[in-house]
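This report refers to the structure that appears directly beneath it.
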Amino acid sequence: MSFESFHPTAEAISSDSPAFKSEYSIDPQSPDSRIITSPTLESFVEYIKTHEIKNIVVLSGAGISTAAGIPDFRTPGTGLYDNLQKFDLPEPEDIFDIEYFHENPLPFYTLAKELYPGNFEPTLTHCFIRFLHEKGLLLRNFTQNIDTLERECGLPEAKIVEAHGSFYTAHCTSPSCSREYQQDWMKEKIFNSEVPKCQSCDALIKPDITFFGETLPKIYHERIEEDFDHCELLIVIGTSLKVQPFASLIDRVANNVPRLLINRQLSGVQTDPSLQTYLGFDFEGTHQPFQRDALFLGTADEGCLKMMELLGWKAEFFTFFEKEARHWKASYSDIPATVPAALEEQETEGITKSLERITLKV
């Protein structure tokens, strides 16, 4: 699960930012400016095969947890949405407003009972990210999700940055107390339909999730400074890239670092022509110094599985997935043996439709 409407102040990114400085001065149309030969997953994978990549940063959003069956509390007609209507929320997202939480925490804890970690199993995409770590390729996974499925999948805590926090720990909301509570204790209270109160001062307890009106975790800012200067490859999976400051992370890598978007819809593309500095993905390769962006339109699991096939890692990945899946009782038989050929055609058609001026050089 992810918050797709966070609005902390976005960090300013401009042409003077480190991400946009380069020792090169190259015509974007020149063959020398092509980091990858076309905006396809195939070209992106070819880059991996021909370079010694050790530091991959993965940015992930709600789309990687969709296959886990996590319900969408914002969609009318769903049981969870209908269940929340009894609280007369002005907007469904108000359930994550920090002021509203202090006034009435019951709606949030009603939702938390449905979404709590342990109710859902990691997906193929979570295992893909873990697999990158096992191969010594993952520098960090920055996730918008609060479902802790990265941890459930066995990804080490040191490799995870939960940009919007998570249910993993909780704290007393009284500034003079701030006592910490662990997930198991909180789960017992929540599943007993209780609003957790501090055992020391009786103040309200809140999971360490970033609500509207709160700043992002300290580790988020620390890891950005450490990681993005060393990032050699950026993979963005299952996010609308509408939530700042997380959305601006795609522009924090050097401008000659290849970037891949795996998502159902096009996202992260600048749509305001009045802006002087071009931010976001440039799949056409005409607005930034290097042609380095690739796109796969489809589900997170489809994109990750296709990438494993192209890298020649499919058999190894399936063996790894089968072994690890036993820990969360996932069914190995649910994994498709291959990505259907029709999906490859759909990918190409989707890119062409979404990017009218793009010319695929396959």
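Every residue number used here counts from 1 along the chain in the order it is shown.
The backbone N, Cα and C atoms fix where each Cβ goes, glycine too.
Under DSSP, H164 (active site, proton acceptor) is assigned to coil, being neither helix nor strand in the three-state scheme. The active site, proton acceptor annotation in TrEMBL covers H164.
DSSP assigns I146 (NAD(+) binding site) to coil in the three-state reduction, placing it in neither a helix nor a strand. Under the heading NAD(+) binding site, TrEMBL lists A62, G63, I64, S65, T66, D72, F73, R74, Q144, N145, I146, D147, T239, S240.
The local packing around C177 (Zn(2+) binding site), expressed as other Cβ atoms within 10 Å of its Cβ over all shown chains, amounts to 15. According to TrEMBL, the Zn(2+) binding site annotation covers C172, C177, C198, C201.
The annotation domain 'Deacetylase sirtuin-type' is assigned in TrEMBL to 34-314.
Note on proximity: of the binding-site residues C172, C177, C198, the one nearest A62 (NAD(+) binding site) is C172, by Cα distance. The two recorded residues, Q144 (NAD(+) binding site) and H164 (active site, proton acceptor), show a Cα separation of 6 Å.
The 10 Å shell around the Cβ of I146 (NAD(+) binding site) contains 26 further Cβ atoms across the protein chains shown. It is 15 Å from the Cα atom of I64 (NAD(+) binding site) to that of H164 (active site, proton acceptor). Listed in sequence order, the residues of the same chain lying 6 or more apart from C172 (Zn(2+) binding site) and placing their CB within less than 8 Å of its CB are S178, R179, E180, Y181, C198, S200, C201, A203, L204, I205.
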